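Following: one structure in structure tokens, then a few remarks.
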Amino acid sequence: MNSSLIGFPRVGKGRELKFASEKYFRKEISVEELEKVAKGIKIMHWNLQQAAGISHIPSNDFSYYDNLLDLTVLLNALPNSYRQLGLNERDTYFAAARGYQGEAGDVKALAMKKWFNTNYHYLVPELFDDTEIKLVGDKPFTEYAEAKAIGVLTKPVIIGGFTFLKLAKYKGSKTINDFADQVANAYIAILNRFNEQGVAWVQFDEPSLVTDLSKADVALFTAIYEKVLAHKGNVKVLLQTYFGDIRDSYEEVIGLDFDSIGLDFIEGKQTVELLERHGFPADKTLFAGVLNGKNIWKSDYKKVIDLVNGLEKYSNDIVISTSCSLLHVPYTLENETSLPDEVSQYFAFAKERLQEIKELTELIGTSGYEEQGAYLANQQVFSADRVYEDKHVQASVASLTERDFVRNVPRKKRRAIQKEKLQLGLLPTTTIGSFPQTREVKQNRSKYRKGDISRAEYDENIKGFIKECIDLQEELGLDVLVHGESERNDMVEFFGENLAGYVFTEKAWVQSYGTRCVKPPIIFGDIRRENPITVFYSEYAQSLSDKPVKGMLTGPVTILNWSFPREDISLREMAFQIGLAIREEVQDLEAAGIKIIQIDEAALKEKLPIRREEWASEYLDWAIPAFRLCHSGVRPETQVHTHMCYSEFEEIVQDIDNMDADVISFEASRSKLTIIDALKANQFETEVGPGVYDIHSPRVPSVEEMVAVLKNALTKIDEENLWINPDCGLKTRGIKETKESLANLVAAAKIIKDAVSV
Ligand code: GLN
Ligand code: ZN
């Protein structure tokens with residue numbers, strides 16, 4: 001059985017590429033030194049894959065920053081603003097990726113967006129009326145040659161023209177179809193070059209095929225590939241799809257002259273059904289994505305083998321592969337020295353996935369494979385009893401009823417009670433939670449981690465930070481205070497560390513964008529809160545002020561979305577387990593005298609399914625209840641807030657309202673408050689705090705500009721429902737700009753409050 005890999009993580013085993021790039025950005029190393037590190041990484045990966053016997057090894061899956069940006073450059077589509085800087089090739093590329101400010105000029109980076117349903121971000125191509133798409137670059141050809149030079153014949157990987165056009169932003173009057181011919185011609189030129197190089201296989205990635213497509217989209221796809229494939233020459237073309245099934249285009253796709261089609265059998269819910277209904281052409285190879293490319297759990301060989309055997313009735317020419325690029329998982333388990341065996345035996349990161357592919361290609365089709373060592377060893381993990389199982393938590397989730405998700409006093413009635421109790425007056429001011437993480441704050445944490453200070457000393461220091469934070473807010477004259485979150489470095493990791501059922505890795509980094517990597521915690525067992533997590537800090541903060549201090553928690557959906565989830569229970573089950581844990585924390589905060597509790601759902605929007613028809617059934621139908629579960633047990637006078645980072649939730653406004661929070665704050669300054677129209681149109685009931693300034697920049701907003709934002713907001717939002725706050729937490733900001741910005745915010749609020757009360 002042959003095997004294929006769609007792509008491999010590229011930052012290196014110890015994040016070598018990240019560190020080298022950062023040195024290069026600081027001008028500490030030369031271009032040549034950076035390229036040397038890159039080459040070392042590529043060669044190591046090719047050798048690894050060769051050793052694992054992968055028959056279709058990718059090249060050009062490497063990138064200095066982002067593959068879509070690589071393609072933009074290759075297709076001559078980099079906006080003029082970057083080229084006009086007159087920098088060398090590499091620096092022009094980095095200017096588009098990161099922005100540039102210096103002697104040559106001042107340009108912002110291209111916008112970044114999440115790559116489908118992953119936490120990886122790509123740089124959005126911008127097409128202008130004078131953009132002329134044509135092949136200009138060399139990267140895929142040089143990388144092929146680089147691999148060939150060490151004796152590895154690769155399958156170059158390039159994001160396809162359709163996905164490129166679907167993800168691009170159109171900055172002039174031209175639209176997607178206007179560029180279709182140019183794109184097709186550029187890909188013909190690419191194929192010509194590959195023919196000259198004697199390349200056997202090329203892989204075109206078209207993940208946009210798994211999104212909801214119109215007839216016009218499918219027609220565009222067909223038109224592009226009819227042209228391109230007529231010129232493929234001796235090169236065989238693999239159309240690779242991932243992150244779902246291609247239900248809208250399957251029939252058209254199989255009618256085109258591709259030599260093989262790569263389908264996702266892990267996330268593609270309807271993939272098997274599509275094969276069953278429409279068959280699979282006998283003249284093509286089926287690249288079957290049967291190993292999870294996105295999660296860190298070992299593959300169950302029995303399931304994989306049964307699946308592949310089942311596919312043999314549709315095709316007798318099958319190549320097995322991962323469901324998507326391994327970019328989305330950490331490099332290797334070998335980096336983890338402190339995970340107990342009973343835990344790590346369940347995992348396979350990228351390098352271990354290679355080993356699985358190797359074993360599976362040997363097992364599949366071999367008679368008596370059930371008796372072989374590799375198979376038996378794998379099955380042993382799956383037959384053993386689950387460690388960290390918690391029957392009590394399971395029973396609690398099983399016994400949840402309707403009533404556990406509903407606050408017993410409806411929102412409108414609660415509002416009156418809360419206004420009476422809290423006496424905040426109109427247009428209260430507040431912040432989102434975190435205050436600047438100063439050097440002292442970070443040092444306190446690292447000293448405690450290293451064992452240099454005791455828990456008591458650590459907590460004493462935190463109390464000091466809390467006191468400073470409360471004093472500052474009192475001085476500024478904010479209405480609803482926060483404790484500042486100096487005890488947490490990350491809003492998910494902190495809760496993960498305090499919940500039983502989570503495990504943590506040391507070096508399991510995953511690229512989020514460019515040189516930024518994240519280390520998601522792993523949900524390993526049933527989740528349970530063992531002790532109060534935040535009560536100590538919130539209670540202390542509240543003791544310092546007569547004003548309400550918000551209790552500050554992260555919600556279950558965000559905790560789940562930023563972790564590696566289990567595969568043996570449903571997302572719903574995990575969200576409810578976490579929801580119950582947060583609920584206990586909410587109850588304890590309330591009992592400790594906290595009057596306002598904020599439960600952040602920064603990442604709620606993020607995992608909305610790619611296909612609209614699945615939004616409710618696959619996600620919102622449990623995600624919204626999981627949030628409600630956290631707060632449904634509080635008294636009517638306890639005010640519940642939530643916060644979301646990106647305000648692009650126009651399409652799910654009703655669902656956000658159904659979270660039944662009393663107040664929601666969100667980012668709105670960059671998106672120019674467009675969300676507010678959607679709120680009005682949907683008669684949004686929750687009180688709202690649309691962020692009046694962007695905290696992602698060190699710039700201090702003026703009083704006038706915030707007054708203007710607020711006046712605008714008041715034309716659409718009832719003054720009874722409006723809160724005044726920045727658009728996100730302040731942890732990445734410096735103290736000085738924070739003080740100035742908040743002082744201006746309070747001044748702007750005063751002007752507006754005076755104006756509305758006359
Ligand atoms: N309460 C968190 C903070 O202020 C929220 C962070 C976020 O939304 N990303 O830092
Ligand atoms: Zn936020």
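Glycine is treated like the rest: Cβ placed from N, Cα and C.
Under the DSSP three-state reduction, HIS696 (active site, proton donor) is assigned to coil, being neither helix nor strand. The 10 Å shell around the Cβ of HIS696 (active site, proton donor) contains 13 further Cβ atoms across the protein chains shown. Here TrEMBL flags HIS696 as active site, proton donor.
DSSP assigns TRP562 (5-methyltetrahydropteroyltri-L-glutamate binding site) to coil in the three-state reduction, outside any helix or strand. Residues or ranges marked as 5-methyltetrahydropteroyltri-L-glutamate binding site by TrEMBL: ARG15, GLU16, LEU17, LYS18, LYS114, ASN119, ARG516, CYS517, TRP562, GLU606.
All protein chains shown were included, and the count of other CB atoms within 10 Å of the CB of GLU485 (L-methionine binding site) stands at 25. What TrEMBL lists as L-methionine binding site is ILE432, GLY433, SER434, GLU485, ASP600.
Summarising the annotation, TrEMBL assigns L-homocysteine binding site to ILE432, GLY433, SER434, GLU485, ASP600. DSSP assigns SER434 (L-methionine binding site) to a strand segment in the three-state reduction.
Summarising the annotation, TrEMBL assigns Zn(2+) 1 binding site to HIS643, CYS645, GLU667, CYS728. Packing around CYS645 (Zn(2+) 1 binding site) is summarised by its Cβ count: 20 other Cβ atoms lie within 10 angstroms of its Cβ, all protein chains included. According to DSSP, CYS645 (Zn(2+) 1 binding site) sits in a coil region rather than a helix or strand.
For HIS643, CYS645, GLU667, CYS728, the entry in TrEMBL reads Zn(2+) binding site. DSSP assigns GLU667 (Zn(2+) 1 binding site) to coil, not to a helix or a strand.
What TrEMBL lists as domain 'Cobalamin-independent methionine synthase MetE N-terminal' is 3-314.
Annotation comment: TrEMBL describes 427-750 as domain 'Cobalamin-independent methionine synthase MetE C-terminal/archaeal'.
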Fewest other C-beta atoms within 10 angstroms, as judged across ARG15, LYS114, ASP600, GLU667, CYS728, which are the binding-site residues: LYS114
Minimum Cα separation from TRP562 (5-methyltetrahydropteroyltri-L-glutamate binding site), reported as the residue among binding-site residues ILE432, ASP600, GLU667, CYS728 that achieves it: ASP600
DSSP-derived structure type at LEU17 (5-methyltetrahydropteroyltri-L-glutamate binding site), helix or strand or else coil: helix
ASP600 (L-methionine binding site) versus HIS643 (Zn(2+) 1 binding site) - Cα distance in angstrom: 5
Sequence-ordered binding-site residues from ARG15, GLY433, ARG516, ASP600 with Cβ under 6 Å of an atom of ligand 2: none
Minimum Cα separation from LEU17 (5-methyltetrahydropteroyltri-L-glutamate binding site), reported as the residue among binding-site residues ILE432, CYS645, GLU667 that achieves it: CYS645
CB-centroid shell, 8 A cutoff, L-homocysteine site ILE432, GLY433, SER434, GLU485, ASP600, site residues removed: THR431, VAL482, MET491, MET552, GLN598, HIS643, CYS728, GLY729, LYS731
Assigned conformation of ARG516 (5-methyltetrahydropteroyltri-L-glutamate binding site) - DSSP reduced to three states: strand
Residues among the recorded positions LYS114, ILE432, SER434, HIS696 that border ligand 1 - Cβ under 6 angstroms, in sequence order: ILE432, SER434
